[in-house]
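A short write-up of the structure that comes next.
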């Protein structure tokens, strides 16, 4: 805190209110409504994804390579809800960052890391579904648990190294005129990407993996269409497995679509803002960020709607049956679903 105060003495902070929080122009009713909506989203994000984590971890029937990827993605969403969204809620409603400059960087690093980690997970899931549907005979040898673990290592380590490296080196702000004064004097936890890093983040962290996902799912659904024409002539067990794989691909394709819908506006704004002389209103950027956060709220709702086994697992968790001995061997699939 002392270094922050020293910076304020070095710069003329009169334009920025000398680092103090501006008077909140929102009425008490508006703030209460914002807190209620955001707290509800945080609650669903934390406990919905926690239920998914417990379900896949506890029930042995769910220990598959695909579900291991979904488990890790649920951990990503849970961490976003638990460690990022509460602080962002206070900043958004109160129009002020109360937690200091160092924690601002830590917070933004985790925020950036988790959003990129999510898209890396979705790419991995797309690859998993590609082998399951397009190359089913090779699936068991290509998508083994050790392979999935290596994929998860990449999904977490690369975004983490990128996010913390860029934010703490402050490379993202090189060449931005007046940024030092803004950081020293502002009370809003300002993070602004220059043209180079804004473009790099959009291309490497969003556009390229998104394009890969869309291409892979396009191939998956093209192959699924071919399978649909011959599926009735297949042996019953192979027929049923293909139907299950197709349904799983459809569900995870919806998860991918919701992710792209929620996060594209935020990433696109990060790309454009430095070319528009950082003219994006703070309120708009804040709203787009929360629109991205809501993706992590939507995921457990999507799983609950499309996966009957998740609804059953949630019921068992709420009833406390998971504390019974040997309950982890319970069958979560009906006869119709396993056929």
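Using N, Cα and C of the backbone, Cβ positions are placed for all residues, glycine too.
Of the candidates 18, 295, Swiss-Prot records N-linked glycosylation site for 18; the remaining residues carry no such annotation there, which does not rule it out for them.
Going by Swiss-Prot, the topological domain containing residue 61 carries the same name as the one containing residue 223, and both residues are therefore on the same side of the membrane. As stated in Swiss-Prot, the feature transmembrane segment covers range 288-310 out of the listed 219-241, 288-310. Sequence-distant neighbours of residue 104 (disulfide bond) (same chain, six or more apart, CB under 8 Å from its CB) are 97, 189, 191, listed in sequence order. Scored on C-beta pairs under 8 angstroms, the neighbour of the transmembrane segment (151-171) with the top count among 37-57, 107-127, 196-216, 252-272, 288-310 is 107-127. In sequence order, no residues are near residue 277 (N-linked glycosylation site), counting only same-chain partners six or more apart with C-beta under 8 A. Same-chain residues lying 6+ beyond the ends of the transmembrane segment (252-272) with a Cβ under 8 Å from its Cβ atoms: 115, 118-119, 122, 125-126, 129, 193, 198-199, 201-202, 205-207, 210, 213, 217, 220-221, 280, 284-285, 288-289, 291-292, 294-295, 298-299, 302, 306. Under the three-state DSSP scheme, residue 104 (disulfide bond) falls in the helix class. When DSSP labels each residue, the topological domain 'Cytoplasmic' (128-150) comes out as 20 helix, 0 strand, 3 coil, counted as helix, strand and coil in that order.
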